[in-house]
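Only one structure is covered here, and it is reproduced in the block below.
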Amino acid sequence: MAPINVDVVNDSKVAPTAKKALPEVETDSNGQEHKRYSYETLVETANFLLSKTSVRPTIGVICGSGMGSYWNEGSLAETITDAQCVPYEEIPNFPVSTVEGHHGRLVFGHLGDVPVVAMQGRFHYYEGYPLWKCCLPVRVMKLLGVQTLIATNAAGGLNPNYKIGDIMIVKDHINMMGFAGNNPLHGPNDERFGPRFPPMNKAYRFEYRKIAKEVAKELNIENIVKEGVYTCLGGPNFETVAELNMLKMVGVDAVGMSTVHEVITARHCDMNVFAMSLITNECVTSYDLDAEANHEEVLDVGRMRQDILRKFVKQLADRFAKAKANENP
Ligand SMILES: O=P(O)(O)O[C@H]1O[C@H](CO)[C@@H](O)[C@H]1O
Ligand SMILES: Nc1nc2[nH]cnc2c(=O)[nH]1
């Protein structure tokens with residue numbers, strides 16, 4: 001793939017005012033300034049990456065907490081063959097990872113025959129990044145040619161039928177942060193990425209969820225694979241008992257601090273989305289229980305499930321790529 005030419009990528013959907021409308025710098029509620037990423041800036045980032053690797057990924061994977069750690073031999077990101085790694089620090093305009101269990105690099109390579117790029121470390125709102133900055137890599141993936149996003153995360157299980165180590169296919173989300181007006185698409189819209197008002201009722205592709213259930217059967221793991229509704233809270237604290245009971249009442253099955261904004265950004269730019277949560281802890285919904293959530297347990301469960309996750313994601317990438325090929329013969 002040749003370097004991206006903005007004039008070529010700009011197709012007829014480009015709103016002529018979009019470029020001018022984007023403010024260069026945005027100030028967050030703490031008074032900290034964040035340079036806005038224009039379409040052109042992200043094209044620069046994508047071109048830098050294309051110059052660093054010969055891989056032209058069609059699937060992007062976001063590794064959740066404990067699922068892509070460099071010390072975690074055999075982890076999701078370690079499964080990628082012919083890996084070419086680019087540390088976030090070296091990527092122009094990229095934020096850096098600050099959370100344990102998120103190594104902080106892009107891994108280009110192959111899952112089976114499928115060219116992929118994996119984020120070994122994602123960005124969270126609680127690290128101090130505005131949501132649009134947390135989701136910058138998703139737009140960069142799109143510019144790299146990625147058509148399908150597989151987002152994984154660690155989450156607390158609220159559904160009483162979920163056990164630690166279960167994998168929840170995300171069928172829908174509740175954008176709690178969005179209810180308060182915090183949305184990655186907040187601000188001027190650049191139509192080169194997508195429409196001002198994107199629909200979200202089919203965010204998690206039905207066909208891919210169906211494929212995932214078939215793959216779970218083939219791998220003999222259907223007993224630990226569930227399907228449910230995810231929500232993201234801002235973090236970094238884990239939830240109170242009252243908060244968890246409220247979330248349960250509104251239909252949340254698993255709670256985390258990521259993914260929702262990434263999915264919104266991916267759907268905005270018309271990527272196909274599949275997401276899954278590894279249930280790393282049971283949410284404490286009673287004052288009588290002594291247990292407390294902690295990040296170490298989250299990482300431990302990621303380690304415990306690495307073999308299964310690795311096989312599952314590899315198969316999913318293969319089957320999603322085949323499904324996509326059948327769509328566009
Ligand atoms: O969503 P990921 O990045 O998998 O991580 C989840 O686990 C961490 C808490 O242990 C939080 O960052 C939460 O979002
Ligand atoms: N918000 C939230 N995020 C998590 N990530 C892993 N477990 C949890 C949890 O219980 N709550």
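Glycine is treated like the rest: Cβ placed from N, Cα and C.
Features as listed in TrEMBL:
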- Ser65, His102, Arg122, Phe123, His124, Ala154, Ser258: phosphate binding site (BINDING)
- Glu239, Asn281: purine D-ribonucleoside binding site (BINDING)
- 58-316: domain 'Nucleoside phosphorylase' (DOMAIN)
Binding-site residues: Ser65, Ser258, Asn281 - member with fewest neighbouring CB atoms within 10 Å: Asn281
Rounded distance in angstrom between the Cα atoms of Arg122 (phosphate binding site) and Asn281 (purine D-ribonucleoside binding site): 20
Judged by the number of other CB atoms within 10 angstroms, which among Arg122, His124 is the least packed of the binding-site residues? His124
Relative to ligand 1, which of the binding-site residues Arg122, Ala154, Glu239 have a Cβ found under 6 Å from one of its atoms? Arg122, Ala154
Under 6 Å from ligand 2 by Cβ, which binding-site residues from Arg122, Phe123, His124, Ala154, Ser258, Asn281? Ala154, Asn281
For Phe123 (phosphate binding site), which residues in the same chain are close in space, meaning a Cβ under 8 Å from its Cβ, but six or more apart along the sequence? Pro95, Ser97, Tyr129, Lys133, Cys134, Leu136, Pro137
Could you round the CA separation between Ser65 (phosphate binding site) and Glu239 (purine D-ribonucleoside binding site) to a whole angstrom and send it over? 17
Separation of alpha carbons, Glu239 (purine D-ribonucleoside binding site) and His124 (phosphate binding site) (Å): 16
